[in-house]
Structure formats: C-alpha cells, structure tokens
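Visitor: Pulled these from TrEMBL:
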type: DOMAIN; residues: 62-122; note: domain 'Retroviral polymerase SH3-like'
type: COMPBIAS; residues: 128-141; note: compositional bias 'Low complexity'
type: REGION; residues: 128-200; note: region 'Disordered'
type: COMPBIAS; residues: 149-159; note: compositional bias 'Low complexity'
type: COMPBIAS; residues: 160-174; note: compositional bias 'Pro residues'
type: COMPBIAS; residues: 181-197; note: compositional bias 'Pro residues'
type: DOMAIN; residues: 256-362; note: domain 'Reverse transcriptase Ty1/copia-type'
Amino acid sequence: MNDMLRTLLIQASMPIAYWVEALRTATFLLDLRPYKSNPSSTPYISLHNSPPPYDTLRVFGCLYYLNLTATTPHKLAPRSTPCVFLGYPDEHRGYCCLDLSSGRIIISCHVTFDEQSFPFATLHATSTLPHPNSSSPSSRPLFAITDNPAPTQATTTHEPPTPPAPPSPPPPPYTASTTPPHTPPLPAKAIPVPIPQNPHKMTTRAKRGFGIPARRLNLLASTSTISPVPKTYRSALHDPHWLEAMRSEFDAFKQNDTWELVPRPPSCNVVSGKWLFRHKFHADGSLARYKARWVCGGFSQQPGINYDETFSPVVKPSTIRAILSIATSSLWPIHQLDVKNAFLHGTLTETVYCQQPQGFEDPSFPDHV
C-alpha cells in the first residue's frame, strides 16, 4: 500500500498534502487486482458483485478538462476549465478533480482527459529553470566597455617610443544606442496550482498524541455505517433500508395511478425495467434517506414509432441567479419547495407497455403489463 501511495504522488509530482486522495486511489486500484489464490476473482467482485470497471481507470494526477457548458453565463464564455484528476468517488459516478482556478474539489463525469500532462509536474519543472538574468555562456557579452576615459591631448606621457605598428583600418565610430540589449524570453508562466490553506500534517509515530485529527478520515469513519449502494435487486434484498426504499417507490406508483394492468397484447414492445439505488444527503453531508427508483429502459423504443420527441423543461442557473437578485433587491421573501416523485405527475398521450416492477408483481396477474 505504501509503495503504491508513494508511486502515485511521485509520478504526478504532487505535494504531500494530497496523500489522502492518493491513498483512496491506491486502495481502489488494489481492489481491482486478482487474488493470488483465485486469479479469476478480485476484491472488487467480492464486495460489489459486479465486474471491475477497468475501462474507467485514468492516470492519477493528470490534467483533465471539466465541461462547463451547463453553467456558462453566456455563449462566449469558456466551455471547460483545467483540473487535476484526484481519484474516484465512493458514492457517485464520475471522477474527483481539483479545479485549478478556484481550488475546489469537484465530482463530474463530463470530462476530457489529457493523460500525458501533469500540472504539478509542469509547475515543478518551471520553478527549477534558471532566471534569465543569471550568467550563462549564452548571455555573456562578446566584448566589454570599460569606464576608464580615453587619454586626451592634455595628458603628457614619458613612455619610451614603440616601433610603429602596421596600419589598420580605423574602427567604426561608436554610437550610443537606445535599444536595450537582447535578452532571452522569459519562461512561460506556470499554471497556478492552489494548495490547501491548512493542510494537516501526517501524524507519525513520534507525533502521536498531539497531531491534528484527519477530518476526511473521520468523515469516512462516520459514513462507514451507511449501507453501501447495491448494484442489483438481489443485493438490495439483504438490507432492510433498501427494501423500505423500494416499498416507498412502489406505493408512490400506486397512489398516483401511474399505470393500469392489462393483459400482454400480442406482438407488442414491452419495455423492461430496472431498480436503481442511491443515497440522498442533506446540505451538511449527513444522510437524508435511501432512494430507490424503478426506471424503464427506453433504449428499446424507436423514435418516430414509439415516441415523437423527448424533452424536460429545466431552468438555467443564470435565470435562477437573476430571480434571486431581483428578489433580494426588492426585499421579497424567497420560498423553496420540493415535489416528491414529480416525474409521476406527467400525463402521457402515447400508450407504453412496461413490465411490472421486479419483486412487486401482482400475484393475481403476474403476466400482465
């Protein structure tokens, strides 16, 4: 573990302040390695009951560009921002990155990787370049002009005469130039990589007892009691929290009269479904509830045959900021509300045949759709 942790930090030239992110990445990578006793299985398969996501692996500490299309204030604003890859989140899909402009750690899946560039390595190489004003063979002048004044006619010397030298062409007259001497170009300014303001030091054996507590590790310890997100329906059956979440989702379907059970028509396209699970958190990071969703696989439908158009009216962040600005300047009260199962309140004009939710089939009509 220590060898991989050290390797990740050194190959990316990252400061020791990011050892927590490197440790989490090293743990994730070690879980993808097969067992010595059973090469056909890995710790990841034993823990998640799913194949390892080898296609999502990226180089730790490399440069990647975060997509800002959804949050750009206008059409001419930048569509991406440079970030540093910091690993893989536990509870979300996507990648963890360090925003170089703001210093924030962001989780996103809309990214473009440049695994050949390392921002911290570029900063380190630029900081070790010699200053252009330092003396080097290429910057030394070819001749020097002394400050001693030339002898004038009033100066009398008694030196013995010297033999006459062969005539030489007169030197060109010296003219003072106002053009500054040519200097080599300054090195390009490195990308300013933010460093955490108060990075806690690693608690060693000599400092044990008075080291600053690791907040991130404490946070991980506090969330260890949360049930992990299951990948399949069978995995969710072993946890009462996820069973209750699926029951709440099914009760919402029944209360809103989402469907009507009918016999399966011959030669019709029955859309299959799947249970998806996730954690819902409060603003302070504490667990709000376990959320289960029964979603239908729309990939089995064909545009123009099963549906005409799909859209979801979503307000832009710029509109929200404008409304909040107007309300603040006018001293208007601002209220926020959340509609539970809002997607169930829509009305479809098309007829869609879907299978019953897995585990909640009607015992009287198990083959109905």
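Along the chain as shown, the residues are counted starting at 1.
Positions of Cβ are set from backbone N, Cα and C atoms, glycine also.
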Visitor: Using DSSP, tally how many residues of the domain 'Retroviral polymerase SH3-like' (62-122) sit in helix, strand and coil.
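Guide: Taking each residue of the domain 'Retroviral polymerase SH3-like' (62-122) in turn, the totals are 7 helix, 26 strand, 28 coil.
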Visitor: Can you work out the mean pLDDT of the predicted model over the domain 'Reverse transcriptase Ty1/copia-type' (256-362)?
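Guide: Average per-residue pLDDT within the domain 'Reverse transcriptase Ty1/copia-type' (256-362): 84.
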